[in-house]
Every structure is written in C-alpha cells, then in structure tokens.
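For Asp18, Glu19, Asp110, the entry in Swiss-Prot reads divalent metal cation binding site. Among the features that Swiss-Prot reports, domain 'RNase H type-2' is placed at 12-201, with the record citing sequence analysis.
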Amino acid sequence: MQLGLDFNLVEDLVAGVDEVGRGPLCGPVVTAAVILDPSRPILGLNDSKKLSEARREALFEEIREKALAWCIARAEVEEIDRLNILHATMLAMQRAVEGLSVIPRLALIDGNRCPKLAVPCAPVVKGDSQVPAIAAASILAKVSRDREMVELDRVYPGYGMAGHKGYPTAVHLEALSRLGPTPIHRRSFAPVRELLDVSVQ
C-alpha cells in the first residue's frame, strides 16, 4: 500500500505552492512554497486535509528539515479587505515563491489559476492530492495557520478560534453576533459586514 504520494514524482527544482485560509471569517490567508529534495524522501505526503493533526505536525518538522527550500508567507486581514480574498491569496503565493532561498525552474500552483511570478508556473487542480511538493506546501501552510489561530484564540477568547480556525461554523457565527467582530475579522466577508451594517443603523 502506498502511504501518501509517490516520492518518485518529485522533480528537480519544482516548487509546489498552496494556500490555507481563503474561507475563514477572520485571520490571515497563509501560503507556502516548497522545493523538495529528490534525494531526501519524505513518506506520507498528502493533502493536509486528509491527514490527522498529529501527522501534519510531524510532517511539518520533517518538510522544513529535508526540503531543498521552503517559505511560508501570508496576506493580512487588511489586505484581504482591501484587495479581495482572491487577489490577496495571489499576493501571498507570490510572496511565498519570492521568499524561496533557491529559485525554482517551475512553480506548480494548487487550483486553477497562477499568481504573477518571475518564474514559469502552471496551475494544478487538486494538486495537493497529486503533486508531492504541493502536498508539502499545504501542510506547511495549514500547520502554520492553525498554530496562529490557537494563539489568536487566547487574544480574543469566546469565539472558539482554536477549534474552528476562523471558519464560519455555527459556534463562530453565534459568538460573532453576541460579541461582535474583533480587529482580525474580515470586514469584506458577508457575515461580518452585515453585523457592522446593523450596528451602524
């Protein structure tokens, strides 16, 4: 049985790029770019959403240790509200690729569109479950963002951020209507915007 993606698919100097956090009502959108080293296999790479939290945490450390190059980047809430979530995500992906210590010959982007990059790039739909470097990027981005949301839960208690990570769950929406938005809530997202509109009236 093949555990995770086949590491033989890893190509020289190909960066995988992915994002986490497009859907949440609060917090940054986090991206990562990873160039894997074909001579240093990492077993069990897969789409971060298909892995347990413990497995993601272990792989997070292994990827950072064994990858040829990696970079975690972000776009802040203010940028999301100013640019819109799609453009903010593209900006964060651009930052991740530009932050790599090794220039890739190709960047493979999870999804159906590419940011503007100085290197050739191609989109790969469902890339996080097909391309090992994109799977690695998805793990770095998710673990990094999840850890940050746990920290933000301590700063803004009562919203349950450590659990839902900012996504619009029933618990989050109820807390939002009861407590109002925090400075890290995305004012351009409908549930937050509607609350602010009501409070202005």
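The backbone N, Cα and C atoms fix where each Cβ goes, glycine too.
In this structure, the binding-site residues Asp18, Glu19, Asp110 were compared by how many other Cβ atoms lie within 10 Å of their Cβ, and the smallest count belongs to Asp110.
If you take every residue in the domain 'RNase H type-2' (12-201) and average the pLDDT, you get 96.
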